[in-house]
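As given in TrEMBL:
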type: BINDING; residues: Lys24, Lys65, His173, Lys205, Asn304, Gly308; note: 1D-myo-inositol 1,3,4-trisphosphate binding site
type: BINDING; residues: Arg112, Lys163, 194-205, Ser220; note: ATP binding site
type: BINDING; residues: Asp288, Asp302; note: Mg(2+) 1 binding site
type: BINDING; residues: Asp302, Asn304; note: Mg(2+) 2 binding site
type: DOMAIN; residues: 123-332; note: domain 'ATP-grasp'
Amino acid sequence: MHTTMEHPKQLQHRRIGLWISKKKMKKFAFGVLAEACRNRRLELVEVDGSCSLWRQGPFDVLVHKLTDVMIGAQQGNPEDQTMMQHVEEFLQSSPHLIVLDPLPAVWKLVDRYDTYTLLEKLQPHFADSLIYTPSFALLESTDPQKILEALKVKNVTFPFVCKTRVAHGLNSHEMAVIFNRVGLKDVSPPCVAQSFVNHNATLHKVYIIGDSLSVVQRPSLRNFPSGESEMETLFFCSQEVSKAESSSELTKPLHGTHQMDSELPNEVAHQLVTAIRPVLGASLIGVDVIVDNGTGHRALIDINVFPGYDGVADFSEHLADHISKLLEEKSQETGEAALNGTNAVRLAHHHKIEATV
Ligand SMILES: O=P(O)(O)O[C@@H]1[C@@H](OP(=O)(O)O)[C@H](OP(=O)(O)O)[C@H](O)[C@H](OP(=O)(O)O)[C@H]1OP(=O)(O)O
Ligand SMILES: Nc1ncnc2c1ncn2[C@@H]1O[C@H](COP(=O)(O)OP(=O)(O)O)[C@@H](O)[C@H]1O
Ligand SMILES: [Mg+2]
């Protein structure tokens, strides 16, 4: 008689759905991740957002970057709203599905004002590591007087960077550095104003993949005169300033700048990640850190959902490890739950017998 030996849970074949935009898929090393998954008895499947998830499933893990669809739905785009409804229904019908990262965690990171507010609340946890988030204010008016008042209330100083509230997607990277009151005419509300921090044109991208992190140096905006100055508003696209290959007048460190050490020690990066991961509830994130060249304090200026991890060695191995770890934890959880369930039935049965003796 042929008996099929049930694979022990940890050896069972698992299906991992990867759902990212076409733009991101073009840059994504799908084949490398698929290979890393195969080596861990995981099958990586590309999810087609235009087809039914039920037909493409079942999945044990859904790895996604749905920020564009989430933001579109939030802004009233009917197709994105329908898509998000489909996603929510699928998640509700798949209680054991591991979502990487959970939608509530991702929602916290699609609006810069929400993200900076969250980081501001974390300030006490960071104080001893000299980590902070620069002063920021929500600007909702074009009236210069109202803007000045909003800046003053939140201690935002000139120069400041004006960023869209929306943190991801095509138009989210158009920014401006405003140097004086005349420049307030360039504020396009609603936007977030964040005090500019001189940091010797060095950006540290702290890339987090579950429990592993990598710090990658990138070019960044050069130093500017502190306080109000005669400089004209500087418009720029962040995707042209802080990519590995970015190089322009904007990113050339000024000669003779006060060269306070612009490094980000690894242990500081670890302290940062230890503090923010539990609060964010996300595990595939990029944190942009710059070091104030006057004080050496570390400023958190940006958090990204599922970034490109450009420059991170063995990204696919780290991601496949993280997925395996989550599956193992889930299997133990359900194993324990089943065991508790069985024990509860056994106990109830025992009490029932006891009651009849
Ligand atoms: O352009 P990539 O691939 O390097 O990744 C972008 C990230 O760059 P990074 O890897 O951090 O240098 C980029 O991070 P920054 O905004 O540059 O800090 C964004 O996360 C971007 O996502 P979106 O287009 O804003 O939804 C990311 O774009 P997607 O890969 O999500 O399309
Ligand atoms: N508060 C700041 N002080 C100094 N430079 C900043 C500040 N905020 C942003 N920048 C510069 O602008 C770039 C893009 O800012 P960021 O908030 O990371 O936008 P994005 O989300 O588009 O990456 C940074 O990499 C850095 O060079
Ligand atoms: Mg950034």
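Heads up, the Cβ atoms here are built off N, Cα and C, so glycines get one too.
Overlay of TrEMBL feature records on the structure.
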| residue | record | DSSP (3 states) |
| --- | --- | --- |
| Lys65 | 1D-myo-inositol 1,3,4-trisphosphate binding site | coil |
| Arg112 | ATP binding site | helix |
| Gln194 | ATP binding site | strand |
| Asn200 | ATP binding site | coil |
| Ser220 | ATP binding site | coil |
| Asp288 | Mg(2+) 1 binding site | strand |
| Asp302 | Mg(2+) 1 binding site | strand |
Exercise for the section: Starting from the Cβ of His173 (1D-myo-inositol 1,3,4-trisphosphate binding site), draw a 10 Å sphere and report how many other Cβ atoms land inside it. Expected result: 17
Practice task
Report the same-chain neighbours of Lys205 (1D-myo-inositol 1,3,4-trisphosphate binding site): residues 6+ apart in sequence with Cβ closer than 8 Å to its Cβ, ordered by sequence.
Solution key: Val215, Val216, Gln217, Arg218, Ser242, Gly286, Val287, Asp288, Val289, Pro307, Gly311
Exercise for the section: Taking Cα atoms as reference points, rank the binding-site residues Arg112, Gln194, Asn198, Ser220 by distance from Asn304 (1D-myo-inositol 1,3,4-trisphosphate binding site) and give the first. Expected result: Arg112
Practice task
Run through the Cβ atoms and count how many others sit within 10 Å of the one on Thr202 (ATP binding site).
Solution key: 18
Exercise for the section: Quick one: of the binding-site residues Arg112, His173, Gln194, Thr202, Lys205, Ser220, flag those whose CB is under 6 Å from ligand 3, and say none if nothing qualifies. Expected result: none
Practice task
For His173 (1D-myo-inositol 1,3,4-trisphosphate binding site), identify the closest of the binding-site residues Arg112, Gln194, Thr202, judging by Cα separation.
Solution key: Arg112
Exercise for the section: State, in Å as a whole number, the widest CA to CA span among the 1D-myo-inositol 1,3,4-trisphosphate-binding residues Lys24, Lys65, His173, Lys205, Asn304, Gly308 given in the record. Expected result: 19
Fill in the blank from the handout: Taken over the domain 'ATP-grasp' (123-332), the predicted model's pLDDT averages 93
Handout entry: Residue from Lys24, Lys65, Asp302, Gly308 whose C-alpha is spatially nearest that of Gln194 (ATP binding site), among the binding-site residues
Key = Asp302
Exercise for the section: Can you tell me which of Asn198, His204, Ser220, our binding-site residues, come within under 6 Å of ligand 1 at the Cβ? Expected result: none
Fill in the blank from the handout: The correct three-state DSSP answer for Gly308 (1D-myo-inositol 1,3,4-trisphosphate binding site) is coil
Exercise for the section: Quick one: of the binding-site residues Lys65, Phe196, Asn200, Lys205, flag those whose CB is under 6 Å from ligand 2, and say none if nothing qualifies. Expected result: Phe196
Practice task
Any same-chain residues 6+ apart from Asp302 (Mg(2+) 1 binding site) with CB under 8 Å of its CB? Would you list them in sequence order, or say none?
Solution key: Arg112, Ala167, Gly286, Val287, Asp288
Fill in the blank from the handout: binding-site residues Lys24, Lys65, Gly308 vs Asn200 (ATP binding site), shortest C-alpha separation belongs to Gly308
Problem - Rounded Cα separation (Å) that holds between His204 (ATP binding site) and Lys24 (1D-myo-inositol 1,3,4-trisphosphate binding site) - result: 22
